[in-house]
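Peer 1: Copied straight from TrEMBL:
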type: ACT_SITE; residues: His285; note: active site, proton acceptor
type: BINDING; residues: 87-89, Ser116, Gln137, Thr165, Lys261, Ser283, 316-320, 339-340; note: FMN binding site
type: BINDING; residues: Tyr139, Arg174, His285, Arg288; note: glyoxylate binding site
type: DOMAIN; residues: 8-390; note: domain 'FMN hydroxy acid dehydrogenase'
Amino acid sequence: MVGSARRGRLASAVTVADLRAAARRRLPRMVFDFVDGGAEDELTLTENEAAFDRVSFRPRVLVDVSERPQHVTVLGRRLELPVILGPTGLMRMVDHEGERASAAAAHAFGTVSVTSSGSSVSIEDVAASVASPQWFQLYPWGDRGTVENIIGRARDSGFEAMVVTVDVPVVGAREKDLRNGLTVPPQVNPRTGWDLLRHPGWLAGLLTHPRPTFANFTGLMTEAKGTTGLAVYTNGLLNPAHTWRDLEWMVERWGGPVVLKGVMTGEDAKRAVDVGCRAVAVSNHGGRQGDSVPAALDVLPEVVDAVPADVDVLLDGGVRRGGDVVKALALGARACLLGRPWVYGLAAGGTAGVERMLAILRDEIDRTLALIGRPGVATLDCSAVGPWPRAVAGGLADGVPEPVRKS
Ligand SMILES: Cc1cc2nc3c(=O)[nH]c(=O)nc-3n(C[C@H](O)[C@H](O)[C@H](O)COP(=O)(O)O)c2cc1C
């Protein structure tokens, strides 16, 4: 049930930036920073968004743009819009609906959400809460026994595809979390108390529901029984020894389509395909892992070039506008994953807030297509963006690089 204050907040949100502002007001600083912040100096976080600003459109005129379909096919499944709600763990820290909200909103909009293995609602409960199959995200936690167990649980729960995230051998240095004293679950103490008490709406949600923690692993680690710093807690679950051989084993154990998430080079994209992945997600984890890693958009063409045309390339990091989605698709992505945008929506208004975010992006994509003379996302290719600086265009006569993906 959405209260009138939340309804008002959502109705007045016109952009993802407005939802971010609403999230900032609703959440204690400690929780807002956990969502919004990045690693170290946040160079990669900033670059992810800046890279989209550097790309402009080449608008064509007098094209019949009366129809502008947005559907795409990813891993053989039709999605009604070219965005997927990406995996973000511990979402009941933001709102008690947690990961159920992204599954519900994705279902309502004819797309899919990816449930994190670090979810705060168990993967079984997320799967049972929604009529359409969702995707499951695996961190290569612990040992093979642990991984095999959660893969089996995800398969038995009906998840349709597995996204394996490989850019977290250890947790990045999210220094705001350290300074704020972020713990799992959040704790009211002299250091955090004032911040939490100043956000009574959020605090009431926290105190009237089970405390948020990694729901798929309770009991597995001793830390899960107490309250501990997020990075220490998560590092205790991870295993930095995994290699391509382990990935190959995971692909085989799952037996269905696998997306490798966290790919930032052509070499790794090729290798992912060699071990049986059907798709790759170009991602630097939203600038939350290594800092000074390039913007995801900047390496997209390299990855698209490296893999066969039937391998779906997804992209995330810095997508804040429908126009950003159009740019990514023009540069060869099949669809974009969204991280923070849906979490801002969740903070602002639960499931209704996530739906509001999707409605905003859908409208922006639609309007952008009309204004650049492209009758649908299927008509996008590299010639929709530019002009390119001479160095990028490589001296091509018309200043437009060859489309990176021809089919
Ligand atoms: C609060 C938060 C939690 C996240 N948790 C996960 C996770 O559990 N698994 C994962 O693969 N990626 C996780 N990510 C990364 C996102 O899936 C995604 O790669 C990133 O947020 C994309 O950048 P954007 O936030 O700019 O859209 C998380 C991101 C955020 C903001």
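Positions of Cβ are set from backbone N, Cα and C atoms, glycine also.
All TrEMBL annotations are machine predictions without curation.
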Peer 1: How long is the line from the C-alpha of Arg340 (FMN binding site) to the C-alpha of the residue listed as 'active site, proton acceptor', rounded to the nearest angstrom?
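Peer 2: Cα-Cα, rounded: 11 Å.
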Peer 1: Considering only the binding-site residues Gly89, Arg174, Arg320, which possess a Cβ situated under 6 angstroms from at least one atom of ligand 1?
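Peer 2: Gly89, in sequence order.
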Peer 1: Round to the nearest Å and give the CA-to-CA distance linking Arg174 (glyoxylate binding site) with the residue listed as 'active site, proton acceptor'.
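Peer 2: Just about 12 Å between their Cα atoms.
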Peer 1: What is the biggest Cα to Cα gap, in Å, among Tyr139, Arg174, His285, Arg288, the residues listed as binding glyoxylate?
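Peer 2: 18 Å is the greatest Cα spacing among the residues binding glyoxylate.
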Peer 1: Sorry to bug you, but what's the C-alpha spacing from His285 (active site, proton acceptor) to Asp316 (FMN binding site), rounded to the closest Å?
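Peer 2: With the alpha carbons as reference points, the distance is 8 Å.
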Peer 1: Note down the number of other Cβ atoms within 10 Å of the Cβ of Asp316 (FMN binding site), including every protein chain shown.
Peer 2: 28
Peer 1: Give the mean pLDDT for the domain 'FMN hydroxy acid dehydrogenase' (8-390) on the 0 to 100 scale.
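Peer 2: Here the predicted model's pLDDT, averaged over the domain 'FMN hydroxy acid dehydrogenase' (8-390), is 94.
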Peer 1: If you skip the near sequence neighbours and keep only those at least six away, which residues in the chain come within under 8 angstroms of Arg288 (glyoxylate binding site), Cβ to Cβ?
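Peer 2: When sequence neighbours closer than 6 are ignored, Arg288 (glyoxylate binding site) has Gly37, Gly38, Ala39, Leu45, Gly172, Arg174 within Cβ distance under 8 Å.
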Peer 1: May I ask which residues of the same chain, at least 6 positions away in sequence, place their Cβ under 8 angstroms from the Cβ of Pro87 (FMN binding site)?
Peer 2: Val114, Thr115, Ser116, Ser117, Gly118, Gln137, Val163, Thr165, Lys261
Peer 1: Does His285 (active site, proton acceptor) have same-chain partners at least 6 apart in sequence with Cβ under 8 Å from its own Cβ, and which are they?
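Peer 2: Correct list: Thr165, Asp167, Val168, Gly172, Gly262, Gly317.
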Peer 1: Take the C-alpha atoms of Gly89 (FMN binding site) and Tyr139 (glyoxylate binding site) and report the distance between them in angstrom, rounded.
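Peer 2: That separation, Cα to Cα, works out to 11 Å.
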Peer 1: In three-state terms from DSSP, label Lys261 (FMN binding site) for me.
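Peer 2: DSSP assigns Lys261 (FMN binding site) to strand.
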Peer 1: Measuring Cα to Cα, how far is Tyr139 (glyoxylate binding site) from Gly318 (FMN binding site) in Å?
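Peer 2: Just about 22 Å between their Cα atoms.
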